[in-house]
Amino acid sequence: KNLFIFYSIGSYGLSILVWIVCGLICVPGCLCYAELGTMIHSSGGDYTYIKMAFGDWAGFLRVWSEICCVRPAIIAVCGITASIYLLQPIYSPCSPPHLAVLLLACFFILMLTLLNLCSTRGSVIWQNGTFYAKIFSLLLLISLGAFQLVRGHYDVFTSPFENTQTSVKKLSIALYIGLFPYSGWNYLSNAIEELKQPERNFPIAIMTSIIASTVLYALAYSAYFTALTPFNIMTADAVAVSFAENVYRPLGFIMPLFVSISALGGLNGQIFSIVRMFSVAGRDGLLPTISAYIHYENLTPVIPCIVEGILGVLYVLVGDADRLLGYLSFSTWLVCLCGAISVLVFRRTMPDVARPFNAGIAAPVIFIIAMTALTFVNVIFNPVDILVGVLILLSGLPIYWIFVLRRPKLVDKFSRSVVLYLQKALLIVPDNDKQHD
């Protein structure tokens, strides 16, 4: 995404400043979520905060858009990215066959869905492993960039603001694009029920993640310019691979592997977090109660895993995941905006609840102003995509009215029969029975 920032505003200097500013904008948001996460120990994450602050209908719209649209699309994109990079060295210099990419992406999604079905511990181990692989690849990029600087390849740094384009539209687009890679911090609270000592560890985790992301990606981004020209960067299909090949050709075969592993880590993280939001919504009665049932031995949310795995595969096969993400990208920051507003709402409605971490008054106010301004600018410059995204989001209201607010008795009767059958077939029990022998 930082390369798309460069494409929007045309210079290294301003693009790196935008990247850092985007990281700084997210810091008060992280502080807000640290307060919410240590105050409300629910793996529903911002779904829970929005539901408690604004009502069931708002919580349902949040979980509806995430479960049915946003997360399956991200899962599909991660699977396709991993398969493309894994197959690219095999078919180089040609592009890998489209069918092979789709089949491998579906395989990755199904395998990681199965992993999350069978073992929470196994999915966490996989996540940790891919995290270390990603850090290694970033450090490798940064080290190669430092090596290039020692060799005297620092032309772009002598005139970093050359070809800068500073129109309001281009800057706003660059800021909006730059925020998207940071969006994972608001998903950390989806696993807070399984986190040890959340009052201490959650604020540390969320702040460390945003600071580390800002620093590491800024350095890796800068490293690209030591071996590639701005034109090469804007036209390359895989910038990290082109960079590695230019510095030391054999690395061109290693880098795609690390990119693929990184994408699979993102895929696993998306499944891991969304199934917990799914499960909490079922526990709250906004989704079928079977959503909150867990496997009696593995203690994993079976139905959410199956549903998200199937949807991810369908999005791969349909092939419009990128377009859907474009329509719904604004919803990510709209949700974070609502999360920051809920901090102020809870201080008025729940003043006596313990807050092991307090974000203060400045953090939510600054974040609310920043997100409101960016959302408003995006509405001005990108009205069609925003309108489509809003319509997709609001499509959940009829579902909420029919199946939650005014649910027919016939639906309840049918649901009980289905729940009984699925309990026997999948060996699942209600979440509150998980300690039951």
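Quick reminder: no glycine exception, Cβ is built from N, Cα and C everywhere.
Bear in mind that the values here come from a model prediction, so they are computed numbers and not experimental data.
Quick look at what TrEMBL annotates:
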type     : residues : note
TRANSMEM : 12-34    : transmembrane segment
TRANSMEM : 68-87    : transmembrane segment
TRANSMEM : 99-119   : transmembrane segment
TRANSMEM : 131-151  : transmembrane segment
TRANSMEM : 171-189  : transmembrane segment
TRANSMEM : 201-224  : transmembrane segment
TRANSMEM : 253-278  : transmembrane segment
TRANSMEM : 299-318  : transmembrane segment
TRANSMEM : 324-346  : transmembrane segment
TRANSMEM : 358-380  : transmembrane segment
TRANSMEM : 386-405  : transmembrane segment
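Across the candidate stretches 99-119, 201-224, 253-278, the maximum count of CB pairs under 8 A to the transmembrane segment (131-151) is reached by 201-224. Here the transmembrane segment (68-87) sits apart from the transmembrane segment (358-380); fewer than 3 CB pairs are under 8 Å, leaving out pairs fewer than 6 apart in sequence. The recorded stretches the transmembrane segment (386-405) and the transmembrane segment (299-318) do not share 3+ CB pairs below 8 A when only pairs 6 or more apart in sequence are counted, and are therefore not in contact. Highest Cβ contact count with the transmembrane segment (324-346) among the listed stretches 253-278, 299-318, 358-380 falls to 358-380 (criterion: pairs under 8 Å). Same-chain residues lying 6+ beyond the ends of the transmembrane segment (99-119) with a Cβ under 8 Å from its Cβ atoms: 75-76, 79-80, 82-84, 86-87, 126, 264, 267-268, 271-272, 275, 295, 298, 300, 302, 305-306, 308-309, 312-313, 316-317. Below 8 A, the CB atoms of the transmembrane segment (201-224) and the transmembrane segment (253-278) form no more than two pairs separated by six or more positions in the chain, fewer than 3 in all.
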